[in-house]
């Protein structure tokens, strides 16, 4: 692990597109009981059955929150109503606020790990967001001045009039108990429920026209790029533009980043509720990039779009490793990826083709970087310096580790894997995490960065 930290000091990464502020509430029994009393158990149960896919009113939020607590699975649901947005501000006192969005989380992480250069871009950069980036010389925001590309600290580059996106995050703990009518519910796993702000101002995934011509120059400065935020896209916009317009722009960005130097590009995929939008992102973006990261639920969502409904349903219903491996093989081949990274509560997986220059042992080391960083973040709440990583090394692999390895070996024996390199490792699991927000992003960033460093060693 520590040898990777030395490599990171010589590496540069470009990040785009989504930065926001996370307003975090640590849920307890009183919060939950108060919401149930306010909205009524029967009303909540009825709305849970309707399963709203976006939050138009507070009852939609309460229903989806209770559903997340019952399953213990992390969920994110888009907030689309300005009235509901005001209700959250009047109803909840936030425990604290910090930078969010994949770009925000990953930028601060990599800067604190002493990467040589972290270039973080978001189409909007308000003052509050700029203040939440760590104030370090290696974390920079690209601007154009006098016809030249200039890299500035975010605090020197923000725009006073840019709106700030706020996501509300409700952290819940395993073992929390509450009553919903006659039903007693105990939360099975720690996790978080995200109310993801999806207003139109924040749904434009693009590089500014001024900066766009300089993307090839940025590509030359870095070893790789991590792109995210596509989950914010809308089908249609009030000015007549649509998702296809922004996806065309996003494809241009990828090609420009690779124009002068064929850098590796990773996409961190987040849940897209709208099936048609999900399909558009998958078919437009994935074939142009090298690496994609996701969890097993997102594998199932994508398989459904690709026409593998039965396998998708099996992953949702049974959560078996063998189904996840089969699904990952399909995604790797159908979407022309170099490598697919899967992160779940109990295991991490890489799948790539047999001609990948890295050995299975090296791929395993890369995944271990991801889970070690995530464990350190879960235990400490944040990683503020390279030495914090040692905390993660002292956290044991989860108790299902041996079972995970056994099921993986059984899965490999049953299916054709000769053309692939597939590695799975158990996760290091913190029993009472300070926070679960950003752990998937931390895993993906750590794994992708270490993957790049291992490839560089082969050059």
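Each Cβ is built from the backbone N, Cα and C atoms, and glycine gets one as well.
Annotation source Swiss-Prot lists domain 'ADPK' at 1-457.
Classification of residue 298 (Mg(2+) binding site) by DSSP places it within a helix. For residue 298 (Mg(2+) binding site), the same-chain residues that are 6 or more apart in sequence and have a Cβ closer than 8 Å to its Cβ are 269, 270, 271. Residues or ranges marked as Mg(2+) binding site by Swiss-Prot: 268, 298, 441.
Secondary structure from DSSP puts residue 441 (Mg(2+) binding site) in a helix. The Cβ of residue 441 (Mg(2+) binding site) has 102, 105, 106, 109, 228, 268 as same-chain neighbours under 8 Å, each 6 or more residues away in sequence. Summarising the annotation, Swiss-Prot assigns active site, proton acceptor to 441.
Mapped onto three states, the DSSP output places residue 268 (Mg(2+) binding site) in strand. Every protein chain considered, the tally of other Cβ atoms within 10 Å of the Cβ of residue 268 (Mg(2+) binding site) stands at 28. Per-residue pLDDT, averaged along the domain 'ADPK' (1-457), amounts to 95 for this model.
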